[in-house]
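S.K.: This is the structure, below, for whatever I ask next.
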């Protein structure tokens, strides 16, 4: 993917931004784009492009779920969520939903698409979703972007740190997910 984007030269940031804004809506894993953004554009530019693209695709997924595809999304979620997860998301107050959204983003217990499409079906306002979403997205984006910046120096100590950070993030997330799903 990074070679495809890089071939566009000075238009690569635009191509990256468009792909990173659209493909996750169709269930493409968004973490890959953060790593690619770090690799191609460095941490700062990659972060700006990735976070704005993330805000766009997460907002679009929320709006699709809320206004256009609620029947389909409910069937999709019935297959993906346990009863406990479903009740947690759909049976609580807006303030708790916002808090859980931040937690879901900080520790990815559920796939990104499940979070976005689920929250479109809840009572949370778009404003609270938007704010909680951004707060929760930033740390994960930073981890994946840092890892992406180290891909230019495979074998370096920075690359090793990047691998350790990503593996730690995945390990901790999986442990939390197991506890959450009990």
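Glycine too: its Cβ is placed from the backbone N, Cα and C atoms.
What TrEMBL lists as domain 'VTT' is 28-149. Residues or ranges marked as transmembrane segment by TrEMBL: 6-28, 40-64, 97-117, 129-147, 159-177.
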S.K.: Can you name the far-off residues of the same chain, 6+ from the ends of the transmembrane segment (6-28), with a Cβ under 8 Å from a Cβ of it?
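M.R.: Contacts with the transmembrane segment (6-28): 36-37, 40-41, 45, 49-50, 52-54, 56-58, 60-61, 64, 112-113.
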S.K.: Run through the domain 'VTT' (28-149) and tell me, per DSSP, how many residues are helix, strand and coil.
M.R.: 103 helix, 0 strand, 19 coil
